[in-house]
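Taken straight from Swiss-Prot:
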ACT_SITE  ASP33  active site, proton acceptor
ACT_SITE  GLU200  active site, proton donor
CARBOHYD  ASN75  N-linked glycosylation site
CARBOHYD  ASN192  N-linked glycosylation site
CARBOHYD  ASN224  N-linked glycosylation site
SIGNAL    1-20  signal peptide
Amino acid sequence: MYLYTLILLFLASVNVNAYADPGACSGNCWTHDPGLYQRKSDGKYFRFATGGGIHIASADSLEGPWTDDGYVLPNGSIIDLNGKNNLWAPDLHYRDGTYYLYYAVSSLGSQNSAIGVATSKTMEAGSWTDHGTTGIESTPASPYNAIDANWIAVGGTQYANFGSYWNNLFQVEMTNGLKVKSGATPHQIAYNASGIHRQEAAFMFERNDYFYLTFSGGIALGYNDTWPAPGEEYFISVCRSTSATGGFVDKNGVSCLNSGGTLLLASHGFVYGPGGQGILKDSSKGFVLYYHYADTRIGKAVEDYQFGWNQLKWENDWPSV
């Protein structure tokens with residue numbers, strides 16, 4: 001009986017400690033669907049978040065202290081859709097001396113959506129120019145929802161990954177960081193066939209000979225009203241491919257187009273519902289997974305969400321936390 005108890009305690013400790021706790025954060029640590037980038041000129045960190053005209057926070061260290069710097073577009077987007085004053089899901093990239101920030105204009109449960117773009121030379125508040133829609137748009141007649149954009153360049157070709165619920169994740173070729181390539185048609189890159197297809201927040205990155213597609217699944221919010229059934233809250237998964245445009249499979253070889261996905265990060269300890277993730281290639285820490293989560297010691301409302309980050313570990317070219 002004593003041995004059996006020890007075994008149970010050991011298994012419980014393994015489960016609790018399956019993931020590393022988030023890295024340290026001080027100052028303004030609130031975030032929601034974060035976008036994170038390190039400025040090329042001085043290494044300063046800028047963190048962007050869903051809400052209003054896209055929240056801006058900055059710090060000299062990933063650990064903080066983070067300060068609240070205002071908004072990217074304090075007057076909202078020039079895209080004339082419901083939600084233009086409450087922008088979502090920022091995604092950052094840098095190209096030829098300019099920082100690009102993708103954002104989504106939509107409202108909960110709607111497919112009347114568009115992905116917009118703003119540019120800056122510094123990422124500072126007050127420096128951003130809104131260019132409006134990228135041409136990635138959706139209506140109830142579309143097979144996808146045009147939110148949650150993520151940019152990647154492969155050689156000289158640029159792509160935007162996007163999508164949420166409905167038929168999940170899609171990709172389309174871009175002419176540049178501002179507009180979809182004329183005549184380009186989005187194609188599906190991942191799909192969760194179960195239930196109401198809870199999959200969103202694509203983020204793709206390249207390492208060694210692989211392209212990695214991370215995404216969020218599960219229930220993203222509403223935790224202050226009721227806790228989802230265990231395992232149904234937000235979580236982060238990953239697939240990989242030797243091509244950026246398709247063929248993504250999980251660690252077991254299951255296609256991401258057939259509900260595949262290897263769990264990268266899920267609830268553990270005080271961390272509940274991690275998601276809305278991205279990957280930063282940090283100048284000193286290497287590949288860093290960043291995300292928001294509900295800290296059960298603080299609160300479970302969106303207003304209580306916290307900034308989480310972890311350095312990725314690698315085994316056989318698969319990441320873990």
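Cβ atoms here come from the backbone N, Cα and C positions, even for glycine.
Projection of Swiss-Prot feature records onto the structure.
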{"residue": "ASP33", "record": "active site, proton acceptor", "DSSP (3 states)": "coil"}
{"residue": "ASN75", "record": "N-linked glycosylation site", "DSSP (3 states)": "coil"}
{"residue": "ASN192", "record": "N-linked glycosylation site", "DSSP (3 states)": "coil"}
{"residue": "GLU200", "record": "active site, proton donor", "DSSP (3 states)": "strand"}
{"residue": "ASN224", "record": "N-linked glycosylation site", "DSSP (3 states)": "coil"}
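A separation of roughly 27 Å, to the nearest angstrom, links the Cα atoms of ASN75 (N-linked glycosylation site) and GLU200 (active site, proton donor).
Cβ-based crowding with a 10 Å cutoff singles out ASN192 as the top-ranked of the glycosylation sites ASN75, ASN192, ASN224. Around the Cβ of the residue listed as 'active site, proton donor', 26 further Cβ atoms fall within 10 Å across all displayed protein chains. Note on proximity: of the recorded positions ASN192, GLU200, ASN224, the one nearest the residue listed as 'active site, proton acceptor' is GLU200, by Cα distance. Across the structure, the residue listed as 'active site, proton donor' and ASN224 (N-linked glycosylation site) place their CA atoms 21 angstrom apart. Between ASN192 (N-linked glycosylation site) and ASN224 (N-linked glycosylation site), the C-alpha separation comes to 26 Å.
If you draw a 10 Å sphere around the CB of ASP33 (active site, proton acceptor), it holds 28 other CB atoms from the protein chains shown.
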